[in-house]
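Inspection log for the structure reproduced underneath, given as structure tokens.
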Amino acid sequence: MEKINNVTEFIFWGLSQNLEVEEVCFVVFSFFYTVILLGNLLIMLTIYRGKLFKSPMYFFLSYLSFVDICYSSVTAPKMIVDLLAKSKTISYVGCMLQLFGVHFFGCTEIFILTVMAYDRYVAICKPLHYTTIMGCDRCNKMLLGTWIGGFLHSIIQVALVVPLPFCGPNEIDHYFCDIHPVLKLACTDTYIVGVVVTANSGTIALGSFVILIISYTIILVSLRKHSAESRRKALSTCGSHIAVVIIFFGPCTFMYMRPDTTFSEDKMVAVFYTIITPMLNPLIYTLRNAEVKNAMKRLWGKKVFPEANGK
């Protein structure tokens, strides 16, 4: 059957149809996006200038911050501009690119969080073999694997959508192009595609979440054999990771571990994993990590008070 595609652009409904609410949202989300950029850039700069990237944990944390910036930048700028726009449109090609970007960086973030959990597992449960297991070469290979995994996942998602015919409705009840709202507009039966999409996204989300839960359970059990000081340091670090995992995976599980359906709550849930989580990551890792805080103090102490530090 020949593909029929009369749709050259899509129209977003946005977060709200109320002008006053949209103006408030413009201010709030502009602030949130600024925090995302500055907070994650600060972590990356601190890790690089403080030479913390030699530690696998901070090596992966720096790339998590980079992915957070990219992930939120796929949707946030367009959404913020649309809050004050009369017509919230995006081209068909732009929609497909946004769909690719959301799933590419979102899936890459899931894999990086999983690798970070593995790093903590090795550090706490196999400390004598840590430097051997988490060597520089292996860390680079695991990082490459996260990018390849994210790319393959997003390519599958886009490859399932591009062949579909769009010949009528072009209004998306969302603020960005996500898989379920877009499938809803296709003028053909998308049941099989929806099942494959759910299996693809659901397997990654649920599989990674189960691995993370098992990893942190083993870590917490093994901490009983450590000293009180070691437990405190380990719990401080792992607590940050667990907080991020819950905030990120909760909304993702709600969105993608279900059949091809849409709910009115989807937009607000999506805000959590596209904007709130990337904004909270720098705060969580900074406030709960003494080493990062000390590195920031040393770095910015030199910048702000160079003469005092030189004495």
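Glycine too: its Cβ is placed from the backbone N, Cα and C atoms.
TrEMBL labels come from automatic prediction, so no person has curated them.
For reference, TrEMBL has these:
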- 39-285: domain 'G-protein coupled receptors family 1 profile' (DOMAIN)
- 26-48: transmembrane segment (TRANSMEM)
- 60-80: transmembrane segment (TRANSMEM)
- 100-121: transmembrane segment (TRANSMEM)
- 142-166: transmembrane segment (TRANSMEM)
- 204-223: transmembrane segment (TRANSMEM)
- 235-256: transmembrane segment (TRANSMEM)
- 268-287: transmembrane segment (TRANSMEM)
Subject >> Cβ-Cβ under 8 Å with the transmembrane segment (204-223): same-chain residues at least 6 beyond its ends >> reply: 107, 110-111, 113-114, 117-118, 120-121, 124-125, 153, 230-231, 234-235, 238, 241-242, 245, 249, 252-253, 256-257
**OP:** With the transmembrane segment (268-287) as the reference, find which of 26-48, 60-80, 142-166 contributes the most Cβ pairs under 8 Å.
**Re:** 26-48
**OP:** Take the transmembrane segment (26-48) and find every residue of the same chain, 6 or more past its ends, with a Cβ under 8 Å from one of its Cβ atoms.
**Re:** 58-59, 61-62, 65-66, 68-69, 72, 76-77, 79-80, 83-84, 275-276, 278-279, 281-283, 285-286, 292, 295-296, 299
**OP:** Averaged across the domain 'G-protein coupled receptors family 1 profile' (39-285), what pLDDT does the model get? Just tell me the whole number, please.
**Re:** 86
